Structures are given as C-alpha cells and as structure tokens.
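Participant: Input: one structure, supplied below.
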Amino acid sequence: MSIKNSVNTTPKLVIPTDALDRTFSIAPMLDWTDRHYRYFARLMSSKALLYTEMITTGAILQGKGDYLAYNEQEHPVALQLGGSNSVDLAACAKLAAERGYDEVNLNVGCPSDRVQNGRFGACLMAEPALVAQCVDAMKQVTDIPITVKTRIGIDEQDSYQFLTDFIETVSAQGCSAFTIHARKAWLQGLSPKENREIPPLDYDRVYQLKRDYPHLNISINGGIKTLEESKLHLAQLDGVMVGREAYQNPYILAQVDQQLCGLDTAVITRQQVIEQMLPYIEAHLAQGGRLNHITRHMIGLFQGLPGSRGWRRHLSENAHKANADIGVVLKAAEFVDAEALASDESTLI
C-alpha cells in the first residue's frame, strides 16, 4: 500500500500571536484528544487548531510522565491547563512555550466535582480576579497566546452582566481570545455529561458578547455538529470549536480547510487517511506501544457508511490483543465498501 504524505513533516516554528488562526478548533476532551488523536485529526485538516486534553499543573510539575509530549505535525497545537495557582500556571506556561506549543489555554469551563475540589474549571468563573491574576502570571513568562475557555455562567450566576464582568476583568490582564461554551454550568447536581446536554444553549448571548467586545477574539463551543452550522456561527464570530462530533465522526474534518478556511486543496480520502496513519502506527508499535492506543480514535472514520459496523467491530475486537499490528487495520478496512474508502464526501457536512 503506497503512502502519500500530504502533511508537512518539517519541524515547525511556533506561530506568532497575531497569526494564529482560530476559525476552527477541536475542543479539549479528557481521554480523547491525546497525541494520537491529534495526529489523526491533523491528517484531515491542516488549519484546525488542536487542543490537548486538560492537563493539571500538578501532573506536569510533579507527575512522572511526559505530559507535554506531542508530534511536530500537530501544529498548530494548544495546551489546555487546569489549575488556579498562578505560580504553577506560569511555570507550566513557560515549559509549554519552551516545548513549542502555539498557545496555552486556561480551563474555566469544566464543572466536574473532581475539578472543583482542585479549585479549577468552571468554578473559577466566580473568581474573575484570580483568573486575571493567573493570566497575567502566564503572560509575564511567555510570548505565546494565553487564552481562556469558559461558560456563559454558573448556577444562578447566569446574567449577561456576570459574563461581561468576567470577560472585562480577565481581558484587562491581556487575554484577548476566549472560547465560550454557550451553556451555563451547574456546579452541583449535574454530571459533566449532563452539563454538556441539559443546560440550554444560548448562542445569541455569545453573539452579543462579540458585538459588545469587537476587539476580542471570540469562538463558540457547544452543540455544533456540522460545517454548515459552523458557517452560520462564523458569520457572527471569529471561530467555532467542535467537540464530540469531531471525535465520533472525525471525517467532518476533511473539508474544514476547503469549506471554512478558503484553501483550494484536495480533500483527503478515508483510504488516504488510513495509509498515512500506518507509518505512525508502526513507529508507535516499535516503541512498545499498543495498537488500540491509536485505533480507538479511528473507530468513527466511516460513520454512517456501508461497512462501518464491520470496521468498528474488527478494530474493537482485535486491536487490544497482544502483538496486534497494522494487519488488523488493513483487515478492518476490507469490511468497508470500496466506494466509501475512496470517497471524499462526509456524511455530515
């Protein structure tokens, strides 16, 4: 099987602050947007801004693993941090810049109990002065963008005034780019999953924020499933951030560059995606990694197409086995309709 490398493998310089394109980004998702998923996603879009999973300052500063590892092909890539200690956040931001990350993003949106107990995530919306202090501390030690991802409110503190007070306080310390999940978060009584689904979406509030603060870069997140929906949001805002749809139906990324970013480039086919993943998988296996560490992110590649069930089943049943290699991927692809393999059309454009 020939390998056609459409991705620039040359090590890339950090993108200057004023040149980072936020038109389309993939949300940081715990256990999902690891380095293997990000590599996979980058094959389909050269322009999407990729985010790490949220990584706590404690994990980076005291953990034994290399939590900042990534592949050069992932650029542009942002590190999302969880924390509220300005000294620790500054130390992590400095490390991120030294490692070549294009942005550091502070999580002020996650509502889980575990995150709240660590005093970070959505609960920090109630402490805008602290968030501003953290942003300032990070900006003091690095020249890369320091951004914030947050909600439109928390609990009963969900007025537009509450949101604008937060934005004004934090932006005053140099944060010029915000991603707003267009739901409020309930800090008690709802699980993280329920907080992604039950609080109603209020896109108009995010649109109003951009109208009132035109000098800020405002991206929207929450419930966005197609590129057509993304276009509607981009008529009002600077960027869209897509979460679960970009993971569960990843091939929607294949036309981001052309439909949203104006590039006149060929759309990669699903077969080409698989072909380009093979050397990456082989390198991972040669270093002692397991096949399913990577293929778990590829399960949805043929979402909604003939043979997708066979593809998913074969990977799910075999990729975790000892000594599983790229043969498992090639065999899984045999279950897929040949036309689907060669198609460059998404099922949910």
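Each position is counted from 1, following the chain as shown.
Using N, Cα and C of the backbone, Cβ positions are placed for all residues, glycine too.
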Participant: Of the candidates HIS36, HIS181, HIS233, which one does TrEMBL list alongside PRO28, MET29, LEU30, GLN80, LYS149, ASN221, GLY222, GLY223, GLY243, ARG244 as binding FMN?
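Facilitator: Looking at HIS36, HIS181, HIS233, the one TrEMBL places in the FMN site next to PRO28, MET29, LEU30, GLN80, LYS149, ASN221, GLY222, GLY223, GLY243, ARG244 is HIS181.
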Participant: Can you give me the average pLDDT across the domain 'DUS-like FMN-binding' (26-328), rounded to a whole number?
Facilitator: 96
Participant: GLY223 (FMN binding site): which of the recorded positions ASN107, CYS110, LYS193, ARG309, ARG312 have a C-alpha within 10 angstroms of it?
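Facilitator: Within 10 Å Cα-Cα: none.
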